[in-house]
Amino acid sequence: MEVDEVVCLPRLSRVAVCGGTHGNELSGVYLVRELLKAEKKVRKKEEEEEEPLSVQMVLSNPRAMQQCRRYIDTDLNRCFTHATLNGSTSDSDPYEMIRSRELNAMLGPKGSPKAVDLVCDLHNTTANMGLCLIAYSDCDWICLHIFRHLQANIPLRYIHFDVSSKESYSLDSVGKHGFAMEIGPQPHGVVRSNIYTAMKVGVQHVLDWVRFFNSGTIFEGGFVDVFTMVKHIDYPRDSETHNITAAIHPQLQDRDFCLLHPEDALFQTFSGETLRYKGNEPLYPFFVNECAYYEKGIALSLARKRHVMIPAIRVQTEQEQQANEQGFASEEEE
């Protein structure tokens, strides 16, 4: 691809790495704590660089972390809509709603030029998903190039949740770019060294990529595989009590991202009967038997795999960025 075909994007000067959005997902909690310990050394090193990168480490839900619970009142990672962030406040508001506004003031405001350039929000899953990046766009070239860079170094998948019909509600949506780094399997309330280390390596690759990008590196275009979520499937339930009547079938358990075909075993009832997948097409299951999703009525999610073309990119020069900012200001005046 010729250089003049390269997409030029603004510098990523401010990055936020967030852990503990769910207080019992401990890899991110302990990793951010470790990064905070090293913050003074990092700052001293960055002061010597001509173009410092500001990396802000955030412990998102401190009360839930103290109690090693997913949340105190409500799921913090569902509290970042504009309506919630900009609504009227009350002392009786759920703790996570109050905390989402504090985080929006710290990292946003969401949708504004003042928002941080990139949010990396760290999560664990009990499902056997390995390391995944989860984002709400399949055309955010920054996120997709980060994914491509990481995938060249470590096993990784990219999951796209399509929110074209509604606003994204997660913490990573506060930044100009953002994604969740999801890794499992790890029980909630537990930290496993191998899972923690994989997350640590993943975050380091993200920050390395940002520094390469800011230094002027041109990243070539190409294709990436994206898993786009199609639908959720709930457990079979009793019509009167709404209690579940089956578990994930042993042939499906721990087989996240293994293609599920029509008539494949899906659930096994508590009386021993096999219930089969009745979909019209093969799809890829993920978040299979995720512990935290029992309350949401989700046994697993299903996705299609797509081959997505991403363009070559590089950072804008100072002159290009100034021209872009002047154009933006002119549009606001009209």
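Cβ from N, Cα, C; glycine included.
Small disclaimer: the values here were computed from a predicted structure and weren't measured.
Sequence annotations record features per position, and here TrEMBL assigns domain 'Succinylglutamate desuccinylase/Aspartoacylase catalytic' to 13-208.
Proximity of HIS123 (Zn(2+) binding site) to non-local residues of its own chain (separation of 6 or more, Cβ distance below 8 Å) is seen for THR21, HIS22, GLU25, GLY28, ALA180, MET181, GLU182, ILE183, given in sequence order. Among the features that TrEMBL reports, Zn(2+) binding site is placed at HIS22, GLU25, HIS123.
Sequence annotations record features per position, and here TrEMBL assigns active site, proton donor/acceptor to GLU182.
Positions annotated as domain 'AstE/AspA barrel-sandwich hybrid' by TrEMBL: 224-305.
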Quick one: of GLU25, GLU182, which of the recorded positions has the smallest count of other CB atoms within 10 A?
-> GLU182
Students should find that the Cβ of HIS22 (Zn(2+) binding site) has, within 10 Å, a number of other Cβ atoms equal to 25
Please list, for the domain 'AstE/AspA barrel-sandwich hybrid' (224-305), how many residues fall into helix, strand and coil according to DSSP.
-> 3 helix, 34 strand, 45 coil
